Amino acid sequence: MKFVDEVSIRVKAGDGGNGCMSFRREKFIENGGPNGGDGGDGGSIYMMADENLNTLVDYRYTRHFDAERGSNGGSTDCTGKKGEDLVLRVPVGTTIIDSATQEVIGDLTKAGQKLMVVQGGWHGLGNTRFKSSTNRAPRQTTPGKPGEQRDLKLEMKVLADVGLLGLPNAGKSTFIRSVSAAKPKVADYPFTTLVPNLGVVSVDRWKSFVIADIPGLIEGASDGAGLGIRFLKHLSRTRLLLHLVDMAPLDETSAADAAEVIVSELTKFSPALAERDRWLVLNKCDQILEEEHEERVKEIVDRLEWTGPVYVISAIAKEGTERLTRDIMRYLEDRADRLAADPVYKAELAELDQQIEDEARAQLQALDDQRALRRSGVKSVHDIGDDDWDEEDVDDEDGPEIIYVRD
């Protein structure tokens, strides 16, 4: 199944049914009064988070959704049938945005969570409603109100506890294969990972956490180069970032330079995301001499002016990975305990999370605007009409399936 994490759709709620104008006509009853019923309300459209979905591909090619119209009222005071509501199922972690105003309508972060995005039109009134002591035979009715219509943008972000950062071929996919049962593609060329991969890491019998691997970043990613910049948004909901650095690059470039590139691109994308708790993980230690370990570590730490935790591992040989995963589990548990006990800390994290969301959305919107400008050949975004935005140009027909497994 193709991985799609952004789509635009149009939703239209059902119109309300019209009221009926009717009069009672029975034998031996002369000049019967009004008996026209009200129409039915139009159907509304809801979004519901479904834990069994992991992509928005269902909305890639079917983009218009209409709820059922309410039935018209009938004679003998019959009320029209209400239009059936339409429920659109989306993956957990989907954000619903009004395309016209860029307002966030809601965020579905829990399975079964439901949100109304457009409301059905109100029913029309039958002529019975207008009967009075002075108007015994009203010929007045009202039509049903039109249902709401909106253009929506759906953005899915994977929900993971830990996110992996690094250049292509830093060993992120190998690491996730090493510590979980996930089997993302691994090869000796850049950009092997094309979409986020998720794995569940089990620590002891009853403890586990979810880890996310995204496509690698390259220099200039914040300006749209490479693949990883569009997937950085998936790290906005993680609790901890692991910065993986290749200690023995095949092209013999400086590991410290590579580490600096990631920090720079992360900060350009979202300064708030760069403030998220981050650990430095130096990978592929088995490919250099043991006596060189300390020198390589010191060079990277000094260059980054790093003061946080540092781990030296070999993902392929599983050296140091068990200690790392246990420390991550302990960190997540301590963080959860502090959130429950310290309301100030909880408020600070909530503010940081919102800032990350806002910065990520603004950055990606700016990249989309730049791409549209290049395609249209105009100099100003104000010169672009609605028809110039063609999302099909960025379609990925060959994206592999996202993997989410438990060992």
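Backbone N, Cα and C atoms are what each Cβ position is placed from, and that goes for glycine too.
TrEMBL tags one of the stretches 12-44, 375-407 as region 'Disordered', and that stretch is 375-407.
Using a 10 Å radius centred on the Cβ of Lys172 (GTP binding site) and all shown protein chains, the other Cβ atoms total 31.
Distance from the CA of Ser173 (Mg(2+) binding site) to the CA of Pro215 (GTP binding site) is 9 Å.
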